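Swiss-Prot annotations:
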type	residues	note
BINDING	ARG129, ARG169, GLY175, GLY176, GLU208, LEU210, GLU215, GLY241, ILE242, HIS243, GLN285, GLU299	ATP 1 binding site
BINDING	GLN285, GLU299	Mn(2+) 1 binding site
BINDING	GLN285, GLU299	Mg(2+) 1 binding site
BINDING	GLU299, ASN301	Mn(2+) 2 binding site
BINDING	GLU299, ASN301	Mg(2+) 2 binding site
BINDING	ARG715, ARG754, LEU756, GLU761, GLY786, VAL787, HIS788, SER789, GLN829, GLU841	ATP 2 binding site
BINDING	GLN829, GLU841	Mn(2+) 3 binding site
BINDING	GLN829, GLU841	Mg(2+) 3 binding site
BINDING	GLU841, ASN843	Mg(2+) 4 binding site
BINDING	GLU841, ASN843	Mn(2+) 4 binding site
DOMAIN	133-328	domain 'ATP-grasp 1'
REGION	2-403	region 'Carboxyphosphate synthetic domain'
REGION	404-553	region 'Oligomerization domain'
REGION	937-1077	region 'Allosteric domain'
Amino acid sequence: MPKRTDIKSILILGAGPIVIGQACEFDYSGAQACKALREEGYRVILVNSNLATIMTDPEMADATYIEPIHWEVVRKIIEKERPDAVLPTMGGQTALNCALELERQGVLAEFGVTMIGATADAIDKAEDRRRFDIAMKKIGLDTARSGIAHNMEEALAVAADVGFPCIIRPSFTMGGTGGGIAYNREEFEEICERGLDLSPTKELLIDESLIGWKEYEMEVVRDKNDNCIIVCSIENFDAMGIHTGDSITVAPAQTLTDKEYQIMRNASMAVLREIGVETGGSNVQFSVNPKNGRLIVIEMNPRVSRSSALASKATGFPIAKIAAKLAVGYTLDELMNDITGGRTPASFEPSIDYVVTKIPRFNFEKFAGANDRLTTQMKSVGEVMAIGRTQQESLQKALRGLEVGATGFDPKVSLDDPEALTKIRRELKEAGAERIWYIADAFRAGMSVDGVFNLTNVDRWFLVQIEELVRLEESVAELGINGLTAEFMRHLKRKGFADARLAKLVGAAESEVRKLRYKYGLHPVYKRVDTCAAEFSTDTAYMYSTYEEECESNPTSDRPKVMVLGGGPNRIGQGIEFDYCCVHASLALREDGYETIMVNCNPETVSTDYDTSDRLYFESVTLEDVLEIVRIEKPQGVIVQYGGQTPLKLARELEAAGVPIIGTSPDAIDRAEDRERFQQAVNRLGLKQPANATVATIEQAVEKATGLGYPLVVRPSYVLGGRAMEIVYDEIDLRRYFQNAVSVSNDAPVLLDRFLDDAVEVDVDAICDGERVLIGGIMEHIEQAGVHSGDSACSLPAYTLSKEIQDVMRQQVEKLAFELCVRGLMNVQFAVKNNEVYLIEVNPRAARTVPFVSKATGMPLAKIAARVMVGQSLAEQGMLEEIIPPYYSVKEVVLPFNKFPGVDPILGPEMRSTGEVMGVGRTFAEAFSKAMLGSQSGMKKSGRALLSVREGDKHRVVDLAAKLLKQGFELDATHGTAVVLGEAGINPRLVNKVHEGRPHIQDRIKNGEYTYIVNTTAGRQAIEDSKLIRRSALQYKVHYDTTLNGGFATAMALNADPTDQVISVQEMHAKIKNMKA
């Protein structure tokens, strides 16, 4: 039956900011849904607070609202836009929860909006643990022994029945937030307390432990005529007990017999029927007890998910796009498969003749004090995917694409160390982020497959594959470089060994191994992902490399080609913003008639969608892989400045190998990144910088520090996201830094900068074409200097800076752009103190603020800069004027501290945010209030506020206190702060610090006395002493600021109503056009 004609407009709910457990896979699914529904002629209205997404670009929908995904705000949008239907299955848990709330509040009924893609009842039945259990029993499927609790008393009763160890999961949360495994009563009570707090329905599911069972997932698509297909089966390499988002996963499932697979296939279809998913994709998770084969259903998600993004990329079957069309009434047999050029219908189940491996990427090094063991609560921040013809090839390709310094199974421990075996055993038993490497180490240390299995519960089939690779490595090392015959090398390359890994094993340089391989004429061939195991020919060029005979890449040569290098797996400091830039480069150059080639290995992103570029190579962004693709494609130009540090690190070597890099030259990039060369340029231009020095030893550092004066910002050169960057307050601190952190940098010195306390930090994005400079936007940070720019909220236009100061910055940016010969994008960071402008740093590449500036001003910076790189001047593009919008846009960040109990949630020079939201308003206050609502800060309008500030902030705290009183807050203060306020005639209630006796701050936070806390500190000891205040504020959901500037901005925002007015991106950009006219 064709599409529904009773609906004309559809509201799509997005997923909001990127958090652990819900990343950019929902930008990929949302963008697909927008495209699919618009090509069917529907009017599409989109709401998503995440500005860094492709789906919130103005061309993607008819009306785009970058507004908080909060039911009251969405009600305003529904009232204004009057959609006929709402599609809630594209935005993860956030969208489902919002849709249920709109239903509950009667908003959908009030405006006559139908829910499509899933019914409220089906969502509830899948998400409500008790209803789900009953439904499974009804169709004869087993679930884990479990019970439901709404308070501690009920929880303990369930535990008595289920026994320890047991698994605790809160309802309606995602990424396993608040859950965990309890081995005893003490742990049980702690996890339950946290879980009850985090579940919106105050409900816990307590399950028997399935630790050590095997875990499988089925990606199922069903239409309203009950056609069901399995897009892909996925097997978890790691056994139950580790969240599937933190597990290494493999597709298709490798260790099921056909009979077991058929049973699971039928069961997953039965689950969709019973839950009532009539249109679209779902994922069903199963667990199998390896001892007796008992099969149970763990859960199902009635929406597209992280796994469906992986399944889409693994098979080439666009689940989100098909699901969107099914939601408006199509059936699977009516839809055609794009990849085979319509030669097969969508009801044709994909079959694949290769193996796909996904490995998660973790960032524990950014969270000192975090528990880095893997449990049922998700902690990874990104993932890499690789495709190979065998499990071994696929696994080794994924390991090198992860960018954690491994080129394959590099050893983690030295076998000479007497503690080696103890350490290996511990790492195998209690899995951390690096367990896969310790498994290889275990085989090196002589453990047997059974021995490793008993500690890890990883299926023996996978272990045998790894053991074989370790034995091969041993023979490579033994034979040396002369033993690498043509035959042996081909064998090794087919097993997925990288040149760099072989080089390490034989003790040679990577270039020598590559030279030898070229001498043998050994190169990879490229196979296509075609959904049908080569049964039909394919129209899309979606490729992966392997060492076989026949190459299917068939490059074309009639159009000029440009290759874009992506950013690899997401991590803190290099996320979706860089993918956004890569996608824009591809889109702009395609519009201009270039053939675009994308190279990336991140399965969550829009850049790895088969129709974003003309040709997609799903490959790791490493020197070896990129050189091979360049060899076969011969592009006119390669863009390295859009994918963050990943491609930039390769720029020099690519250039040396004769690869044509376009845009800013690698040498110019180096001039900005290398401290001494940069200093020369700055001195030549006569610009001001904070007093600084470059040192290579601890003695030098101590000597220079005395001259510069404390506090100092210390950091290694060449890092992204402030890795290993700290503020040190005295010599003891400095010495500790050198002992703990200095090994971060490769032969590079450490930089000391005088720390400008209380300065206002500013980011400027600009584009230079060699003749003129276009200022994209000047963003004023809300948190003062010393907080990493990626963790600070910022405003465009600036909200306190004078026009004169901004003009000084404009002139300096222009001088720097010409001095450094920038071609394309650049980002400059300044600090302003006492009306003086100091230059902090220059990055001649795409910065993470590019999507924000593009949305706020309507100028697609990444597209403009891509055109500059291929030789179109700014004048030819008609892009000469900086745009200062007639409204405020504020970007606020989202931090993952709730996933890492034990970590101090204070902002500092090392970046730790995972995502961001944007708020738009007529005033700064209105925009910031929306950004706060969008980031789910939970700020209340009144109540009791606690002020506890450091010495340097005391002169400004009186003003903040007065503002809060005016807003109707009652005030508490710690001793030093109270004295200052008292002198100004404000008398707060005095509270004890923890060491001053009870009742102290901690008690009062636990009792729920505060709605707001401002706590600023300086100096390592003071920060350590006040850590508990911040941890408790986070745990008890009290909004807190760790900078005074943040406090002032919050006080301003309290005067505004974030649900008062909604404005679409299209209306915002129209205002700019009118203003120009």
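Residue 1 is the first one shown; counting continues down the chain.
Heads up, the Cβ atoms here are built off N, Cα and C, so glycines get one too.
Structure with Swiss-Prot features highlighted.
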{"residue": "GLU208", "record": "ATP 1 binding site", "Cβ within 10 Å": "18"}
{"residue": "GLU215", "record": "ATP 1 binding site", "Cβ within 10 Å": "23"}
{"residue": "GLN285", "record": "ATP 1 binding site", "Cβ within 10 Å": "21"}
{"residue": "GLU299", "record": "Mn(2+) 1 binding site", "Cβ within 10 Å": "19"}
{"residue": "ASN301", "record": "Mn(2+) 2 binding site", "Cβ within 10 Å": "24"}
{"residue": "ARG715", "record": "ATP 2 binding site", "Cβ within 10 Å": "22"}
{"residue": "LEU756", "record": "ATP 2 binding site", "Cβ within 10 Å": "22"}
{"residue": "HIS788", "record": "ATP 2 binding site", "Cβ within 10 Å": "20"}
{"residue": "GLU841", "record": "Mn(2+) 3 binding site", "Cβ within 10 Å": "15"}
{"residue": "ASN843", "record": "Mg(2+) 4 binding site", "Cβ within 10 Å": "19"}
Those binding-site residues of GLY786, HIS788, GLN829, ASN843 having Cα within 10 angstroms of GLN285 (ATP 1 binding site): none
Binding-site residues near ASN843 (Mg(2+) 4 binding site) (Cα-Cα within 10 Å), from GLU208, ILE242, LEU756, GLY786, HIS788, GLN829: GLN829
Candidates ILE242, GLY786, GLN829: member of the binding-site residues with the richest Cβ shell (10 Å): ILE242
Nearest of the binding-site residues (GLU299, HIS788, GLN829) to GLU841 (Mn(2+) 3 binding site), judged by Cα-Cα distance: GLN829
Taken over the region 'Carboxyphosphate synthetic domain' (2-403), the model's mean pLDDT: 93
ARG129 (ATP 1 binding site): secondary structure state under DSSP, collapsed to three categories: helix
Neighbour tally for ARG129 (ATP 1 binding site), based on other Cβ positions within 10 Å of its Cβ: 23
Distance from GLN829 (ATP 2 binding site) back to GLU215 (ATP 1 binding site), taken between C-alpha atoms, in Å: 47
Minimum Cα separation from ILE242 (ATP 1 binding site), reported as the residue among binding-site residues GLU299, ASN301, LEU756, HIS788, GLN829 that achieves it: GLU299
Spatial separation of ASN301 (Mn(2+) 2 binding site) from GLY786 (ATP 2 binding site) - C-alpha basis, Å: 42
Counts of helix, strand and coil residues, the region 'Oligomerization domain' (404-553), according to DSSP: 78 helix, 11 strand, 61 coil
Candidates ARG129, GLU208, LEU756, HIS788, GLN829 (binding-site residues) with Cα within 10 Å of GLU299 (Mn(2+) 1 binding site): ARG129
Cα-nearest neighbour of ARG129 (ATP 1 binding site) within the listed binding-site residues, ASN301, LEU756, HIS788, GLN829: ASN301
Cα-to-Cα gap, GLU208 (ATP 1 binding site) vs GLN829 (ATP 2 binding site), nearest whole Å: 53
Whole-number Å value for how far LEU756 (ATP 2 binding site) lies from ASN301 (Mn(2+) 2 binding site) (Cα to Cα): 49
For the region 'Allosteric domain' (937-1077), the number of residues DSSP places in helix, strand and coil: 71 helix, 22 strand, 48 coil
